[in-house]
Amino acid sequence: MAAPKVAVVGAGVIGLSTALCITETCPSCSVTVLSDQFSPNTTSDVAAGMLIPHTYPGTPIHVQKQWFKETFTFLFAISNSPEASEAGIHLVSGWQVFKNTPKEELPFWSDVVLGFRPMSEAELQKFPEHRFGQTFTTLKCDCPPYLLWLEKRLKATGVQMHTRKVADLWDLHSEYNVVVNCAGIGAHQLVGDEKLFPVRGQVLKVHAPWVKNFIRDGDGLTYIYPGIHRVTLGGTREKGSWSLSPDPGTTKDIFDRCCSLEPALRGARDIEVKVGLRPSRRCVRLQREVLSRGGVKFPVVHNYGHGAGGFSVQRGTAKEAARLVGECIATLPGSSLRAKL
């Protein structure tokens, strides 16, 4: 048969990572990325891009750990390469602090990040309102450069990118053999997923080059994440809110909370406010489905619903989605992959 045609719907970090993994695991495929928005206008562009995993209640911990480990390994290699600056990936050390000692003092990802250990009493003196803390080194993706780097990698392998609003996955069946749904919050409407809901996040991007270490309150609401050029200050987790309009009161609240953790931020300049809708579910939807109309079958792979954790598990879930695409291709009539899988 001719080269199988695969469409990836969505051009955020999950869509682009998935497209890249498909080209690696199935080089004979023709891959096209379709999205109504590309960087710098995706939800991923708003994200802080810190590799500190979010926990999915509906997914086994060993699976989440594998996704994170694969992602960390992939990005760590880039951070150690000449492409690190262009890709916007760098190591950053810092602290996660708690007002009360958490039930779980060793998170499942503690042996994947670098140098994880409890904070000393002397270190905790920097945070007088907090009683317990952890220090470690992790990776940060500066999101717009990283998305552009992924796009560049994809174009170099022959992947096509088209600006197109997909309203119904079935509309693609006459053009493609397999479709991969990486639509993020757009999947709510695209496939009618009622288990998917937005968690609105408002963040500030500020100029404060003297802030070198990340600081994250254990409740996950207040955080300071230094990037190469800007520091991301957060944040909010507003479940069920679809509003993309910045709220000035929230901006002041975020800035004040972050300054209470790091008083040196009072001198920050060029404050830019960003809002994104995290595509949240109890677990990432990562599965095969076969659409069928009038006896015609159309294989679909879903990979969405990463919530606040997309950057932390992007590569792991993309590899699994690419494996599922391989399974779909193997079932196509006349597939040369059928004998191999």
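In case you wondered, yes, glycine gets a Cβ from its N, Cα and C as well.
Copied from TrEMBL, the annotated features are:
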BINDING   THR43, SER44, VAL166  FAD binding site
BINDING   TYR223, ARG278  D-dopa binding site
DOMAIN    5-324  domain 'FAD dependent oxidoreductase'
SIGNAL    1-19  signal peptide
| task | Could you check the binding-site residues THR43, SER44 and say which one's CB has the most other CB atoms within 10 Å? | result | SER44
| field | Contact set, same chain, for the signal peptide (1-19): CB under 8 Å, 6 or more residues outside the stretch | value | 26, 28-35, 37-39, 42-44, 47, 141, 143, 146-147, 150-151, 154, 159, 161, 166, 169, 172, 175-184, 186, 190, 303-304, 306, 310-311, 314-315, 317-318, 321-322, 325, 329, 332-336
| note | TYR223 (D-dopa binding site) to THR43 (FAD binding site), Cα to Cα, whole Å, comes out at 18
| query | If you measure every Cα to Cα distance among THR43, SER44, VAL166, the residues said to bind FAD, what is the biggest one in Å? | reply | 19
| query | When you measure from the Cβ of VAL166 (FAD binding site), which residues in the chain that are at least 6 apart have a Cβ under 8 Å away? | reply | VAL9, LEU34, ASP36, LEU172, ALA183, LEU190
| Taking the Cβ of TYR223 (D-dopa binding site) as the centre, how many other Cβ atoms fall within a 10 Å radius? | 24
| Near the Cβ of ARG278 (D-dopa binding site), how many other Cβ atoms are there if near means within 10 Å? | 24
